[in-house]
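Quick look at what TrEMBL lists:
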type	residues	note
REGION	1-163	region 'Disordered'
COMPBIAS	27-39	compositional bias 'Polar residues'
COMPBIAS	40-49	compositional bias 'Low complexity'
COMPBIAS	82-92	compositional bias 'Polar residues'
ACT_SITE	HIS277	active site, nucleophile
BINDING	LYS279, LYS507	substrate binding site
ACT_SITE	HIS505	active site, proton donor/acceptor
SITE	SER530	site 'Interaction with DNA'
Amino acid sequence: MSQDSQHGKWTISSSDDDDDDEGIPLSGTTTSKPHQPTVSNPSSQWSASPPSPKLEPVKATAEVKPEPANTPVSSLVVGSEARQSAAKNQINPVKYETSPSLAGKRKKEVSDGSGWALSDSDDDDDDGDVKGKGLSNLPKRAPPPSPKAKKVKVENERPPSPHGRLYYIDEPEDFFESSVPCLNDTYRFYLNKVTGVDRKYNSGPLILLYCLSSQFNYCFDIAWMVEQYPPEFRDRPVLIVHGDKREAKARLVQQAQPFPHVRFCQAKLDIAFGTHHTKMMLLWYEEGFRVIITTSNLIRADWYQKTQGMWMSPLFPRLPEGSSASAGESPTFFKRDLLEYLASYRAAELEEWIQRIKEHDLSETRVYLVGSTPGRYVGADMDRWGHLRLRKLLYDHTDPVPGEERWPVIGQFSSIGSMGLDKTKWLAGEFQRTMTTLGKSSLRSDPPMHLVYPSVEDVRTSLEGYPAGGSLPYSIQTAQKQLWLHSFFHRWKANTTGRSHAMPHIKTYMRASPDFTQLAWFLVTSANLSKAAWGALEKNNTQVMVRSYELGVLYVPSAFVRTTHMDKQYLCANMSFFVQYTPPNISIPWIWNIPYSQAPDTHGNIWVPS
């Protein structure tokens with residue numbers, strides 16, 4: 001079976017493929033995660049050989065600023081074999097060549113001219129074609145400089161980054177600084193700051209890392225993380241909650257050797273192919289503690305030019321001495337659910353945090369916690385985790401709406417797992433049923449489902465260029481077995497937040513009115529579109545199996561008091577986190593382990609997986 005496309009013909013293989021997430025390596029990567037497939041020769045999947053375009057040589061037009069010294073950088077990524085493998089393609093990026101004999105070949109030298117400029121056009125009519133569109137607006141590359149004497153290493157010189165030495169040249173000194181959010185912020189949802197977009201779009205909160213903290217995540221750069229604390233607080237205790245095993249765990253521990261205040265808690269992953277994908281911070285202050293649930297890994301590149309989201313809780317104060325065990329609960333039972341989630345780790349290292357949370361008042365919380373933890377659940381426990389947890393919350397806390405069959409379900413994510421030979425196997429069979437639940441109505445509507453995922457053109461013209469695709473690990477092995485899924489796809493657009501060119505690592509799911517002026521509910525989470533993240537029914541729907549740890553927060557109208565920004569039933573669409581998508585459906589989504597050599601990206605590079 002095969003499918004023709006603008007990017008060649010995909011030959012459909014019969015190889016098995018497991019659920020994808022952020023941790024799938026490319027060809028030649030050694031991994032301690034046995035479920036992650038390797039591709040011996042990704043380019044062999046590329047059965048068509050499109051001709052190289054005849055283009056004029058490109059020259060640099062942007063001024064390259066000198067690199068600032070003493071700037072921390074993510075030079076090591078531990079916990080994601082996928083990121084490490086993708087970095088191999090980014091350290092020595094392949095430069096675009098006009099000669100057919102050189103197109104697609106890796107160059108060993110790294111050019112010093114990597115300035116970039118973006119086109120003003122949105123290419124709304126593009127379906128991912130990279131055949132030379134808009135190249136006149138792309139940065140022009142300078143010829144290689146003449147050989148010079150070997151450079152003497154400067155003390156405190158910035159180390160190489162996974163994206164090339166000049167990747168962070170435009171980062172202002174106050175990049176990670178921002179205004180403290182207003183204490184009466186209704187929704188407490190924020191987008192990360194993005195270098196390369198207008199300052200008016202960068203109004204995220206300042207995370208005050210002055211405290212004892214617990215960091216739950218998938219990828220860590222411990223040295224960079226410690227740098228985010230003010231110098232006088234960099235020796236405060238930090239607990240790292242991770243899912244790494246064997247070699248990956250050893251590398252993580254080695255990272256922490258210079259930091260004796262960093263301790264570890266290894267999450268139990270008892271079911272094959274699962275990951276610890278939750279991204280949460282527990283921050284302890286003298287005045288109380290705070291919870292932050294985000295979509296970002298703890299590596300520098302995730303906080304720089306990608307679109308990420310976070311929910312930041314209020315500062316929860318300590319309860320009075322002698323308070324009852326049920327004191328400090330919120331209307332959304334956030335305290336109970338957070339304690340239950342932490343208890344699911346069965347880890348002695350988290351007992352201290354569980355006790356601290358019990359002693360605090362979480363009553364101001366207005367969101368519901370939606371988590372996943374590995375296991376097989378039956379009976380009443382089936383509603384505790386994954387998409388069945390979301391289904392139960394939507395059933396209990398939302399209301400039917402007139403004409404709901406026209407209210408689309410929108411899912412947006414950064415990775416896609418294997419979902420079966422057709423949509424009935426999981427996507428429509430159970431996941432879509434969850435997403436279309438609105439209250440206790442017996443009406444089973446069949447609204448449109450729009451899945452937002454970047455196209456090849458979106459990645460090519462992004463702020464990062466092709467390297468952004470290293471964080472969008474949809475593999476050819478998975479894609480070629482579920483071509484039916486691609487009819488659901490829509491391109492990424494976020495013009496209202498200035499992030500159309502900041503590729504999404506954020507994951508959001510929502511139910512919107514046909515004119516997109518109202519939301520019935522909204523979820524931001526770490527969970528990508530995969531059965532491993534959301535769970536899958538087994539044994540004739542009498543059991544649900546979840547492989548991974550995930551965490552997110554759900555907004556429903558009934559949890560919020562009425563304000564000028566709310567109507568009786570629905571959240572208003574002018575909330576800062578509302579993102580756009582662009583029809584028509586994209587014919588080919590970004591696939592991360594096949595080459596793209598027909599046109600250069602915004603840095604003048606092409607993409608050739610090794």
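Glycine is treated like the rest: Cβ placed from N, Cα and C.
TrEMBL entries are annotated by machine, without manual review.
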Compute the C-alpha separation of LYS507 (substrate binding site) from SER530 (site 'Interaction with DNA'), stating it in Å without decimals.
12
I need the nearest neighbour of SER530 (site 'Interaction with DNA') among the recorded positions HIS277, LYS279, HIS505, using C-alpha distances.
HIS277
For the active-site residues HIS277, HIS505, the one whose C-beta sees the most other C-beta atoms within 10 angstroms:
HIS277
I'd like the Cβ neighbour count for LYS279 (substrate binding site), meaning other Cβ atoms within 10 Å of its Cβ, all protein chains included.
28
Residue, out of the recorded positions LYS507, SER530, whose Cβ gathers the largest set of other Cβ atoms within 10 Å:
SER530
Separation of alpha carbons, HIS505 (active site, proton donor/acceptor) and HIS277 (active site, nucleophile) (Å):
13
